[in-house]
């Protein structure tokens, strides 16, 4: 063995003294930088849902006062095995900057490394673990009906307080493609995430994986049986399990990693010493910061197009470190290590397997897929009515009108301004009469400012004990938009009933259709509370992840505050999810139809109850481009109903930016234009006629494609598919697709290539191998009531790709959308609302392969009823093309689907002009064939709910 002495042996002590002094200065600077407060942190700004509670600490535990003196670390011998490749060094000083002497006293190696860093990089560690660093030892391994159990023991404590020296390992081989293992304290109940997950009592019969264990140092090694590739190897660094610091590291089989949302980043994450922090935070998106949601799940692509995923079911504040070796380290501040490994083997299957655990997405109402419009500053019903009238007059679709805080009385939930919104209920009823819906903002914080008896939500909440409490048992009081506020505890069953009552009572006054949940990280304009926070170990843990503001209570409530299930320290990242669950439940019980909830804060499993918008994005080309990986990321995380504020929220947009953003936004699963009070208005009708024409064209295309989009949501709901998806999900064997995040697919069939830079009239995109047909060849304008301006420029009818980057014409009025060979998609005549568009005739676009084949399907129901699958109240029709013939198959037909009229079929890829076209055996005389585009347009008069056959020869 090649043994190296630690740096600064006696022979070079003089030089090393100088190095140590320099290092101390640098580390001091870095420590200040890590704890630096942002300006907004330095002042105040104007049911059976859960498993059994398991508290974080032992029964009866209360957090004690913080002892300010530094934790005494038992000095260890300086290591002699420090010849570790730089990319494989694991940080031995994650908690603070330390000197060489302190590092070596921990038994670790110290080698300075000069680097220039850019967020989210943290840099190569100077103090790192030697291979011989003590960890846990595996003992008493035994087989069980579902896997294995073992005891893990540590003989020497670490440098974190309250080590748990004896642990229990439970390994569950749950399915052939899912492995589940837990590491926890057998002697003390600790907090576990109360997420409803599958319980499996038997061992998988034919797993795709093998599991191995390293005895000392302890580790779990997971391999693919086919090929033997190591997917998980936790022996690469020591395991830590202290009361408030848990660390688990693993090697990675490749550097192609995605997931770990929510962050402003490319689709593929950097493994160049990147730190990803998960602690939900109200802050405008910027690189290297913790944002509104936490999803501790990653998907890794492997050579050959295989993929696997790993999910750490832990809701505590955490960092995830990615390093070049490649390797990943989880660092959590509490809970247990509850790990799922998904074997795929293809990326699509990994996502489905993850959703098998956290839940499949909810099925949105059809109207929710239309266009939504909002602005902070619609300050009266007169203004809202004028906006709606302007949208109609200028022929822009509008399905859902929204209001921000403006509608409220003193910015309090479940109230409305009796002056500027005096006829609020009438306004909402008028929207309904015109076939539209209405949504408004609801913040979780409840005003506590008024005298007793003046505000029912607070009075009732106090009486029923629904608020989060401080160390004295009284409601914790913070400050949000209405002034002083209390925060509902949505883990309390009583709170769910209280919230439902408040929603129902307000709905009886104002018949709104959905709820927009904002500020639910939860956000707080003071740190912790009006009275501050206790000085205890939950507020000042021994390890603080890289959160904005440097402390957990920054811009939120005290970590040590009390909730029904545990402390906020454990439950903070679940706050948005629990409010979404409560709101979805309240809407179902109040309205009796499918709920529609959009929430800013999210956690794993959120898509089961609600959608998401990406927060306070800026009106910039940079944020336009970042919205593509944002939307793709949330689809991989099981939240397909997602979108960014079209044209941007913060700052003034430009005409060109708003046109390009509207074109891309037409392909967000959730399409909303919304902006800030202090920014210029940006409704579509505000711009020049040229810009309006370009936007109308994008609107018309989206509304024409809604039947296909709705079918994709059905597949997401029943199968765990994505709606918007990255190219690698469909083409995993093509490595060129892996990092593509300036394009997106809708399902398997539509490829969208937006313009994301100013001043461009062409765009470059990657086209996987095959034929891609330009959707400009498919027109359904004549079927609807919404005219779509035709493009003034010529276009390329089809792309024949060998798997290559291609440059396409993209004038201002055009977003390139291509239909993939082998697919049939349903379309419908577009109108100003989905209420009207659902009444229009339908069409099929058929994209033939070289062998003349294609397939597709249509899912249809009434668009808003509950339990349509359970009641069989839906229509499902499949389509197939082969041998110059298109036929349908009726899987199930109900009244609504039976009445759908099919009026137009466009067949793409017809090599030669036909001489005869038949519809159910009857000749069609007025078909048209384009020899230039190789397209065949067939007018028909058929019903989707009846068998048909269309052929040409």
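Cβ atoms here come from the backbone N, Cα and C positions, even for glycine.
For reference, Swiss-Prot has these:
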- 518: active site, nucleophile (ACT_SITE)
- 404, 600, 616, 674: substrate binding site (BINDING)
- 82-109: disulfide bond (DISULFID)
- 92-108: disulfide bond (DISULFID)
- 103-127: disulfide bond (DISULFID)
- 533-558: disulfide bond (DISULFID)
- 647-658: disulfide bond (DISULFID)
- 80-131: domain 'P-type' (DOMAIN)
- 140: N-linked glycosylation site (CARBOHYD)
- 233: N-linked glycosylation site (CARBOHYD)
- 390: N-linked glycosylation site (CARBOHYD)
- 470: N-linked glycosylation site (CARBOHYD)
- 883: N-linked glycosylation site (CARBOHYD)
- 926: N-linked glycosylation site (CARBOHYD)
- 933: N-linked glycosylation site (CARBOHYD)
- 1-27: signal peptide (SIGNAL)
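Annotated features taken from Swiss-Prot, shown on the structure.
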residue : record                      : Cβ contacts under 8 Å, 6 or more apart
92      : disulfide bond              : 103, 106, 108, 109, 125, 127, 128, 129, 133
140     : N-linked glycosylation site : 149, 150, 151
470     : N-linked glycosylation site : 476, 529, 531, 558, 561, 562
518     : active site, nucleophile    : 441, 442, 443, 600
533     : disulfide bond              : 527, 539, 553, 558, 559, 560
926     : N-linked glycosylation site : 939
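Taking the centre of the Cβ atoms of 404, 600, 616, 674 as the substrate site, the nearby residues of that chain (Cβ within 8 Å, site residues left out) are 374, 376, 441, 518, 613, 615, 645, 649. Ranked by Cα separation from residue 404 (substrate binding site), the recorded positions 390, 647, 933 are led by 647. Long-range neighbours of residue 390 (N-linked glycosylation site) (same chain, six or more residues apart, CB within less than 8 Å of its CB): 683, 685. Look at residue 674 (substrate binding site): DSSP puts it in coil. Neighbours of residue 647 (disulfide bond) among the recorded positions 233, 674, 933, defined as a Cα within 10 Å of its Cα, are 674. For residue 674 (substrate binding site), the nearest of the recorded positions by C-alpha distance turns out to be 658; the candidates were 82, 233, 658, 883, 933. Each residue in the domain 'P-type' (80-131) has a pLDDT score, and their mean in this model is 92. Cα separation, residue 616 (substrate binding site) to residue 658 (disulfide bond), rounded: 16 Å. When the C-alpha distances from residue 883 (N-linked glycosylation site) to the recorded positions 82, 233, 658, 933 are tabulated, the minimum falls on 933.
DSSP labels the residues of the domain 'P-type' (80-131) in these numbers: 9 helix, 6 strand, 37 coil. Our reading of the substrate binding annotation (404, 600, 616, 674) yields a largest Cα to Cα distance of 14 angstrom.
Fewest other C-beta atoms within 10 angstroms, among the disulfide-bonded residues 103, 108, 109, 558, are seen around 103. Calculated from their C-alpha atoms, the gap between residue 233 (N-linked glycosylation site) and residue 82 (disulfide bond) amounts to 21 Å.
For residue 933 (N-linked glycosylation site), other Cβ atoms within 10 Å of its Cβ number 20. For residue 658 (disulfide bond), applying a Cβ distance below 8 Å and a minimum sequence separation of six or more within one chain yields 646, 647, 682, 684, 687, 691, 695. Most other Cβ atoms within 10 A: among the disulfide-bonded residues 82, 127, 647, that distinction falls to 647.
Residue 82 (disulfide bond) sits 66 Å from residue 933 (N-linked glycosylation site), taking the Cα positions as reference. Residue density at residue 233 (N-linked glycosylation site): 19 other Cβ atoms are found within 10 A of its Cβ, drawing on all protein chains shown.
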